[in-house]
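**Q** The ATP binding site annotation in Swiss-Prot covers 481-488, 1140-1147 and is backed by sequence analysis. According to Swiss-Prot, the compositional bias 'Basic and acidic residues' annotation covers 1-11, 712-731. The compositional bias 'Polar residues' feature in Swiss-Prot is assigned to 22-33. The compositional bias 'Basic residues' annotation in Swiss-Prot covers 52-63. Summarising the annotation, Swiss-Prot assigns domain 'ABC transporter 1' to 446-691 and lists sequence analysis as the type of evidence. The domain 'ABC transmembrane type-1 2' annotation in Swiss-Prot covers 779-1070. Feature annotation from Swiss-Prot assigns N-linked glycosylation site to 1127. According to Swiss-Prot, the feature region 'Disordered' maps to 1-84, 712-734.
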C-alpha cells in the first residue's frame, strides 16, 4: 500500500520515510484482517481529507512547480492548509515559510569586515578624486582659450604665450599622474572587496542552507540551490566590484563639473541643470521596471536549473528511455519564459540609455542658445561659456557612463533578495542552535505518544494517526508493513527531521523538542535505504561518522584504527583493501564509483564507527546481496546488543530476532510482538512472511546456516586475495587499453579549452546562435553606426559654435551674427538629439531580442549536447551534476558579453574613432596625426586588460565550480548531512575553498587594475600633447581656432569613448571564456553518440542476447577490472536472473546491454548482431530498464510515465493499462489530483515503493522486447513486492527479461539463473538445478531462509 508523500527515498535530498497509503487493494484489506471495501478511498484520516475540497483545488494547485505551492494557493485565495485546525496549520507553516526580505543596495555589504569597509572607503575616495580630476581639465581649457584669444589680439608676446602653453600642458601631466594613482587604488580595491564580500555571502548562504529544516528542502530543488550559490552570487559580486568604482568616478566627475560651472556663471548653469533632472527622473522611473523584469527572469532560470540538475543526476535513466529530447523540451519551457522577461528588461534598459543620450545633445542645444545671449549682453566671456559647456558636457557624458552600471546594481539587488531571504530565515529545527537541554547520560528509551503527522509539503494527506509506540532501551524494535505505511516517518520523527502536528516523541522520558537538536542527532546513527556518500575518500566517508563525538579529536592513528575496525565490522574492509588505492580511493559524487552494496557497507561502517547509543536502520541491508547481507546482518545483530535499535525491513528474514516487531498499515500500528508470537496469531505479519517464503527446497536448520556464515567469512577473505592476485598480468595489459581510451578524450578536451580557439572562431560560435536574427542584427548594426556617428558630428557642431561665439561682439552687427549663427547650431544639435534618440531606442530593442535568444539557444544547445554525451563523460570527477548545472546557468549567461549591447557599444566606438579621425585629418592633418598617435596606446591598454581578465576568469571559474559542486553535493544530500551533524564540517571545508580562491586571484586583480588605470590616465596625456602641439601650430599661425577645436574635440572625445570599450572588458573576458568552454563541449563527440544516424536500424527483435568473453573496466577507474571474460546466453523470451555478491559485475552487465559503455574486449550480441554495430537510439527503443533507484522528475505522475513512451500521442487507456500492470493504478486514482498529481523534485512526494511502481509502469508503456530489471523490487515491501512481482512475471511473457536480484525469492521462477563472482559466471541453471548442485547459489539461498526463529 502506498503513500503520497513519503518516499523521499530517491536522492538523499528528498529521502525519508513512508507515507500513508491511499490505495488499498481488496486483497490487501483481507490480508490485514479487514472486510473488502469498494475501491473508493475510505474516510479514515489516512486518506486525503475532504475530498471535495481537493477536487476544486485540482485546477489551481501546482501551476508547474511545487516550490511555489503554498504561495500560489494563497495568491489564488485558496489555502492548502485551510482544512486543518489552527495549531496544526501553525506547525506545518512554520516548517515551510520563507519570509520575504526587502533588500536595499547597501545591504549587499552586510558581510563586509572592518578591513573591507576601510578599503572600500579608501577605494571610494580614490574613485571620487579620480573622477573629480577630469572636469578640472576644463578650467585649464578655459584658461588656454583665453590665452589663445589674447594671442590672436596680440595682447601678449609669443614668448609669454609659449610659457603659458608649457605651464598648462604640465598641469595636464600632473592630472594624468593623479588619475593613474587614484584609479588604480579604486579598481583594485573594489575588485578585491567585491570578491571577498561575495565569498562571505556564498559562505553564509551555504551555512544558512545547512541549518534549514528538511521540509524546506522538500519544496526547493537542489538545482535551485546550485543556481543561487553560483549564478546569483556571481551577479551580486558583479554589482559590488569594479562597477561601484566606475560609477562613483562618473558621479564625482558629474558633480565637480557642475561645481566648476556654478563658479563660472550660476545663471547659465542653472538653466542647463534642467537636463540633469530629466536624466535622474528617467533613470529612477525605469530602473524599477528593470528590477521587476529581472527578478522574473531569474526565477524562471532557477526552475530550469532544478530540471537540469534532476536530469543530469539521473542521466542513465534519460539515456535508457531515449528521453533526451523530451527532457530538453521540459527544460526549454522554463528558458522560454525567462527569455520573455529578459527581453523586457533589456529593452527597457535600451530605452533608458536612448533618453539619456537625447538629453545630452539637447543640453548642448540649450547651452549655445542661451550662452550666445549672455555673451552678447556682455554678462560673460567666451572662455567662461566654453568652460561651462565643456564641464556640463563632460558631466553629462559621465552620467551616461553610469547607466550601464545601474543595470548591474539593480540585478545584484534582485539576485540578493532570494539569497538573503534564506540566510535570514529562522529554521524551526535549527541544528546549529545552542538552545535546548542535553542529558547527562542516554539510556536510549524512546517513546512515541499519540503521534499525528502530516508532511508540510503535502498538507492534504495525514501520514500517521494516533500512533503510540514504546522502543525499550537496549532492545531491537523492527518496523514492517507495506510501502507508505509510516515506517520511515517514525525514523524521521526520532531524528527530528520534522515536527509532528500532534503528540510527542520522548527520549528517556524527555520531550525531544526540548532537547538540543545537534546533541540529539549525535546520539543517533542512521543508515538509510539509499546510502549517500560524499565525493571524498572511503576513509573520509567513514570518518564523517566521528563528527561531534568524543573520538573526533583523537590522534590520526587512533582514528585510522577506529575506521578500519568499523569497516571490518561492516564486512567492507576486504573489498576496500582490494581496491588499488585502498582506503584512499575516491568514491566519486554520491559514491557512484561503487556498487550499491559497497556503498551500503561503507554507510554502515560510518554509522557504527562512533559506537552510537541509538541505531536507526532504514532498510540498511536492502542494497546488499545475500552473501554480504548475511555477514553484515550478523554484524548488525551483534551491534544491536546493548543499544536501542529501530530496524525497518522489507526483507523479513533480517528481523526475525528482534525483541519487538511492529506491523504498520496506513499510518497506524496493526499488531506487535515477537516473530514467533506474531506467526501464531496468523494475522498481518503471518501474511507478510508467507508472501516472502522461499520455495520448499531449503528446509535447512539454523545450525547449518550459522556454519555457512562462519565459513563464508573465511571464504570472503581468501576469495578477495585469490581473485585479485592472478589478475596482475591481465591488469597491466588491460590498464593500457582502459587508460588510453578514457584519457585521450580528457587530454583532448583540456588542450582545446586552454589554447585551441582563436577569438574569430569563438565569435563564429556566437554568430551561429544568432543566425536567425540576421535582420535584427543588421538593424542593430545600422543603429550602432548612427549612434557612433553622434560623437564626431557633434565635434563639428561644437567647433562651429565655439568659433561663432569667439566672433567680435563689440558692434551690433557682430552681435547679430553671433546670435544667428549660435541659433543655427543650436537647432542642429536639437535635430541630432532626435536622431540619436531614435537610433538608441531601436538598437536597444533589437539587441535585446538578439542577446536573449542567444542565451536561450546556447543554454538549450549546451543542455542537449550534455545529454548527447556518453555515460563515461558523466562519470568524470569534473562533470558532476552540480558542476554541469552551474556551467549551464553561468557560462551561457556570460556569452551575452559577445552579443547585443556589448557588440553594439564596440561597433559604436569603432565608428566614433574612424569618423573622428577622418574628419580631423581632413581638416588639419598635422594636429590630427599627433593626437591620433596616442590612440593605439589607449587601445593596447584596453586589450591587455581584456587579456588579463580572461585569464583571471578562467581560474576563478574553475575554483568556484569546484566549490559550487561541493555545496550542491552537500545540499542535495541534506538528510545525510543532518543525521551526521556534518553542517560545521561542510561549512568549514567550503570556507577553505573560498579563501584559497581569493588568495589566488589577488595578483590577477592587481595586474589588471594597473593596466586599466593606465588606460584611463593616458586620456590626460593625449590632451596635454594635443594642447601643446595645437598651441605651437597656432603660434606659428598654421591653424585657426576652428581647426584647433574641431581636431581637438573630435580626437579627445573619440579617445574617451574608446575608453568605454574597456569597461566592457570584464564581460568580453567572461564571454570569451564561456564561448571557449561551450565550443569545447559542442566539439566533443562521444564514443557512443545518441545523435548519430549511423549503425544498423533493427526492424524487429527476437531478443536473443549473448555475451562473448567480455572484459570491461570503468573509464574512470581503468586499473580496476570489473568483467573478466564474461560469457552468457539468453534465449528469446527467457526470464534470466543474475545473482552474486556486490561488485561482481551484475549491474555492469545491464549497463553494457543498455550500451552505456562498450566492452574493452569481447562483444555483446543481440540476435547475432554486435550491439556496437547498431544504431544506438533504435537499439535502445527495444529495451526498457527498471533500475534499483527509481528516477522521477519534477512534474506530474502522467508526465513521468509518458517518458517511457517511444511515440507521441499515447492514448490514456495505454497509460492506465501500464499502471494497472504495475499495480499502481488504484493508488494514483486515490490521489487528490490522480494522474495530474505533482511528484516533487526527484519524486520526493512519493514513497520508494510508489516511485518504483511508477518506474515500472513507465517501462511497460514502451512494450519492450527486452526488459532489464536491476533490483526492480528492492524498494518494495513484501505485499507490494508480491503483487509487482506477479505483474513483472506477467510482463515478462513474450519478451526477454534479465533481472538482477538480491532477494532470491523474486527470481525462483526464472528460466535460467547465472551466478556471478569476480566478473564472470561461476554457476548457471534453474533454481531447482542449482539447489541440487549445493554450490554458491545454494549457499546464498540458505542465507536468506525465512523459517521460524528457533
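Heads up, the Cβ atoms here are built off N, Cα and C, so glycines get one too.
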**Q** At the level of the C-alpha atoms, what whole-angstrom distance separates residue 1140 (ATP binding site) and residue 1127 (N-linked glycosylation site)?
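**A** That separation, Cα to Cα, works out to 15 Å.
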**Q** 481, 1140: which of these binding-site residues has the highest Cβ count within 10 Å of its own Cβ?
**A** 481
**Q** Can you tell me how far the Cα of residue 481 (ATP binding site) sits from the Cα of the residue listed as 'N-linked glycosylation site', in Å?
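**A** About 40 Å separate the Cα atoms of these two residues.
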**Q** Do me a favour and check the Cα-Cα span between residue 1142 (ATP binding site) and residue 1127 (N-linked glycosylation site); whole Å is fine.
**A** 19
**Q** Can you grab the distance from residue 1146 (ATP binding site) over to residue 1127 (N-linked glycosylation site)? Cα atoms, rounded to a whole Å.
**A** 12
**Q** Say you check the Cα of residue 1127 (N-linked glycosylation site) against those of the binding-site residues 483, 485, 487; which is nearest?
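**A** So, spelling it out, the nearest of the binding-site residues is 483.
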**Q** Quick check: in three-state DSSP terms, what is residue 481 (ATP binding site)?
**A** strand
**Q** Suppose you look only at the domain 'ABC transporter 1' (446-691); what would the mean pLDDT be?
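**A** Value for the domain 'ABC transporter 1' (446-691), mean pLDDT as a whole number: 88.
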**Q** So how many other Cβ atoms are close to residue 1142 (ATP binding site), meaning within 10 Å of its Cβ?
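**A** The answer is 24.
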**Q** Around the Cβ of residue 483 (ATP binding site), how many other Cβ atoms lie within 10 Å? Please give the count over every shown protein chain.
**A** 31
**Q** Check each residue in the chain of residue 1144 (ATP binding site) that is at least six apart in sequence and keep those whose C-beta is under 8 Å from its C-beta; list them in sequence order.
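**A** Same-chain residues close to residue 1144 (ATP binding site) (Cβ under 8 Å, separated by 6 or more) are 625, 1316, 1317, 1318, 1319.
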**Q** In three-state terms from DSSP, label residue 1146 (ATP binding site) for me.
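**A** Going by the DSSP assignment, residue 1146 (ATP binding site) falls within a helical segment, counted as helix.
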**Q** Whose Cβ, among the binding-site residues 487, 1146, has more other Cβ atoms within 10 Å than any of the rest?
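**A** That would be 487, with the highest Cβ count within 10 Å.
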**Q** Which state, by DSSP, holds residue 1140 (ATP binding site): helix, strand or coil?
**A** strand
**Q** Which entry in the list of recorded positions, 485, 1127, has its Cβ near the fewest other Cβ atoms, using 10 Å as the limit?
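**A** Comparing Cβ neighbours within 10 Å for the recorded positions 485, 1127, 1127 has the fewest.
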**Q** How would DSSP class residue 487 (ATP binding site) in three states?
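**A** Reduced to three states, the DSSP call for residue 487 (ATP binding site) is helix.
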